[in-house]
Structure formats: C-alpha cells, structure tokens
Amino acid sequence: MRIPVAEAAVANLRGRSTTALTLGAVLSILMGGVLTVAVPAFDARNAAASLYESPEWGSTHVVQGISGADRPMSGAEIQALADATGATSVQVDENALIEVAGEMVQMHSDMDVLGVPYVEGRRPREGSCEWGVHRDSPLADRLGEEVEATGLTGATASVVGVFPRGFPLFTPDDVVSTCTPPSRSGSEQILVTVPAGTELPEQYVSQTLAEQAQAARDASRSTGILGLITLVICVIAAGVAFACARWSVVSRRREFAHLQVHGAAKRRLLGMVTLEQILTCLAVAPVGIGLGWGGAWLLLSRAGQTGLVDPSVAWRTAAPSLSTVGLLVTGMLVVVVIASWLAAARILRPTVSTLLRRRGE
C-alpha cells in the first residue's frame, strides 16, 4: 500500500525524533536571536509611539505666530484664529528657559491636549508650582523634592512626576509645569484644536502635534548600528540554518537508499523531505518567537539611558510585529527548504546500483 507523502512525512518526524528535535532547537534559537535584535531595531519605536499618541494630535495645531510678524499674537488675533477655524479648544503654552543647578531646562505649560503619561509620581497639580520631568533628566532623581529654579516666583518648584522615555513631544531638557513663568521671558505657542480635516489659513506658522511627534521620531531614529547588527545576525542565522537543514537530510542517506531500492520515486522522496522540513520549521516558530520576545524585552529593559523605549513599557514594545515575524518565518522556511531540497537531490541523483554499493560500505 502506498502511503501519502504527508502521512509519510509526519511518520518520519515521529520516528526520527532526535534529528527533528535537534533541527527544531537550532531553528528556534536562531529565530529568537534574530528577533532579539530586529525588534529593537525596527518595531519597538513604532510600538511605543502607538502607546502614547492621541488621535487628537492630528487636529491640534501648534501655532508659532503669524507669518512675517515680529511679535506674539494678541488676544484679538488668537480669537480671530479660533473663529475662522471653528476651534474647539485654544490653549497657550507659555514656555520659558529656566536655570536649575546650572543647567537650562525648557519649561512648558501643562495642558490636557498633550496627554503626557506619568510612569512615576503624578501629574503636576494646578494652583501649585510643580514639575513633571523626563525619565532621562537629572531631575528625575529628585522626584518628591523641591528644586531651586532661577526666575520662578518663589524660586522653587516641586518635582512630582516622571514621564517616560519615548514620549515624542518632549526631550530630557523639557519639563511640564504648572508654575507661573517669568513675565515675557520666553515665547508663546498657541495650541489650537480644530475639527478633523480643517486646515489653518496659510498666514499662520503652524504644525500639528502629530507632525511634531513624527519629526521627533525621525530625528531620534536609531543609527545604522542596530540595523547592521541585525543584518549580520540574519546572515549568520541563514548560514547555520542551511548547514543544519542539510545535515538533517544527509544523515538519512542510508534510509533513502533503502526506500529507493524498494521502489520509492525520487520525486516522492523529495516531496516527503521538503514537507518534513516545512513542518519542523513551522512547529518551532512559536518557540522562536517567544525566545525573541523575551530577548528583546531584556535588551529594551536593561538598556538604560541609551534605550529606545521606557523600561515601564519594554514588555509591550518588545512584541514583534506581524510583518517582522512573517519575514523571519518565510526567510527561514526558504533557507531550510532550499538546503534540504539540494541535499536530497544530490543524494538521490546516483543510480540504484550505486546506492546499493554505498549501503554495503
């Protein structure tokens, strides 16, 4: 009775468990290694952005002023802008440069539309002089303390909250504040939220919060080092996978001789071997993805100030994207199938008499 190729492939995997397990273990480790560096290089930043960005950012414009004007917008001009665009919200960011312990920080007004998340402490409270600071700011180590700030009313501010690394609207030099800024010591930005799809007149110099966030991500995008490391690891992984897949086929030379002597067609044997390798690769893919997720999490959470994302969200941003997983599994399948097919084709090329002589060696 002729056994179908699929049944024969599954039976062979069960019967040759040592070879299958060895190949599967190697492939899963290789997949995990590739994902460990590929996720921080390509997926983590976009994943972090999706955690913080608000749909409202796309319709909130940061207005610097009127084109050609050499003074801040007056109250009447701000009202005219709101009336012309049907604005649902108009808020003023009275930002100012403040000196703290010999270092300059950019103080921004705390506004709901910014949606600043806090991973330690709490949001600054209205009516008090309080600050929220960046995870990588030296002021983050002074959470819960008062700091002296030159130019502020009262000369001190309380650090009450820490917002995460990776929040795209602010850098380590920015603080979110409920303090009264020094009179006319800085500049004003008008945050105007308009109905979706509404454009501001061309006379205003503006940019949406979403555009600012994208520009910040582009400016801080990882240099080519992680991408280069990922490429090198991919090449090494492909070479190791090719060698292991070839070994798993070559080690069965006597089995193929026996099957061919008993009438198994070359095409049928090639199909059986190819299907076995595909099943092995697909079976261990979830293990490799899990290893990669864990490795990426360790890399992201232990990176310190050089990290791309905040440690508090490392486990979420370490999850590989579907596109990355798809490319990895597809690439591994292609390498394994080609290696197995070439090895099997070479073994099966000799005549039956040659195989019989090899069997007697």
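Cβ from N, Cα, C; glycine included.
Note that TrEMBL annotation is computational and uncurated.
Summarising the annotation, TrEMBL assigns domain 'ABC3 transporter permease C-terminal' to 228-349.
Taking Cβ pairs closer than 8 Å, the transmembrane segment (20-42) reaches residues 13, 222, 226-227, 229-230, 233-234, 237, 240-241, 244-245, 248, 276-277, 280-281, 283-285, 287-296, 298-300, 303, 308, 318-321, 324-325, 328-329, 332, 336 in its own chain, all 6 or more past its ends. According to TrEMBL, the transmembrane segment annotation covers 20-42 (among others).
Sequence annotations record features per position, and here TrEMBL assigns transmembrane segment to 225-249 (among others).
Taken from TrEMBL, the feature transmembrane segment covers 269-293 (among others).
Among the features that TrEMBL reports, transmembrane segment is placed at 325-348 (among others).
In the predicted model, residues of the domain 'ABC3 transporter permease C-terminal' (228-349) average a pLDDT of 85. The DSSP breakdown of the domain 'ABC3 transporter permease C-terminal' (228-349) into helical (H, G, I), extended (E, B) and coil residues amounts to 105 helix, 0 strand, 17 coil.
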